[in-house]
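What TrEMBL records for this protein:
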type	residues	note
ACT_SITE	C155	active site, glycyl thioester intermediate
DOMAIN	66-217	domain 'UBC core'
DOMAIN	224-262	domain 'UBA'
Amino acid sequence: SKNMMQHQQSLEKKLAKLCQHQLEQSSGVSKFYTSMGPNATSSTFGLKTFGYAVNNLPLEEINKEKCQGFIVEDELELNAHANFGCKWSIHLEPINDTCTQLSGMISGPPDTPYEGGKYNLEIVIPDTYPFNPPKVKFLTKIWHPNISSVTGAICLDILKTQWAAAMTLRTVLLSLQALLAAAEPDDPQDAVVAKQYKESFKTFTLTAKHWNNVYAGSPYKVPECDEKVRRLIDMGVEENVARVALSSCSWNLEKATETIFS
């Protein structure tokens, strides 16, 4: 449909902006591993039918032995020119016998506040998949306009009205990485984050980097944020409460203190 074509074009533009290359073109993928068990090959499992059939077996016939150890790891190394490169990964594995519940992971895209972080996802495959989208939420806390900083709920069109049966879980994970690189603050999931993003992008970036370090394991610390969190902890405030208050108050210590103790 026209809407699907427009969405695909929009997604491709985001991905191209991120790495100056179309991710979906085969020339841009240097490594793509698909494995199922120790003797698997790259043809063992088709991502196109993930959650629907494995080796031509209906989903309900997939047992724990077939599912256990199934790991999909996409490692993309894209080079737009000799002096520019970027690298990130996506990861999936089942957590129940029928592969209807999965654990996902995406790494934060380079040249974003999320670089260096690893974000864990909860993925639930409905009975109507692939005709309806999977249910996905972030388990790792993140500061982003389109992802709830409280629940991890995601505002992304392909997880709602723009889903198509031809899409795959790889599409979903890559789309989430694209979302991290190009937020949509006018269609927010978290209004507080979106407001900060639009009114003070510098403060938003600082906050997102801090959360990325604390929750997603990025090595990039933000000392000024750490110090203000420590000062509230010294007042007897629980760490996460202190961080949320400071983040929501754009790191105004006095305002955050008033918010907590009022």
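Glycine too: its Cβ is placed from the backbone N, Cα and C atoms.
TrEMBL labels come from automatic prediction, so no person has curated them.
Model, not experiment: these values are computed from the prediction.
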Cβ atoms near the residue listed as 'active site, glycyl thioester intermediate' (within 10 Å, other residues, all chains): 18
Reported mean pLDDT - the domain 'UBA' (224-262): 97
Counts by DSSP class (helix H/G/I, strand E/B, coil) across the domain 'UBA' (224-262): 30 helix, 0 strand, 9 coil
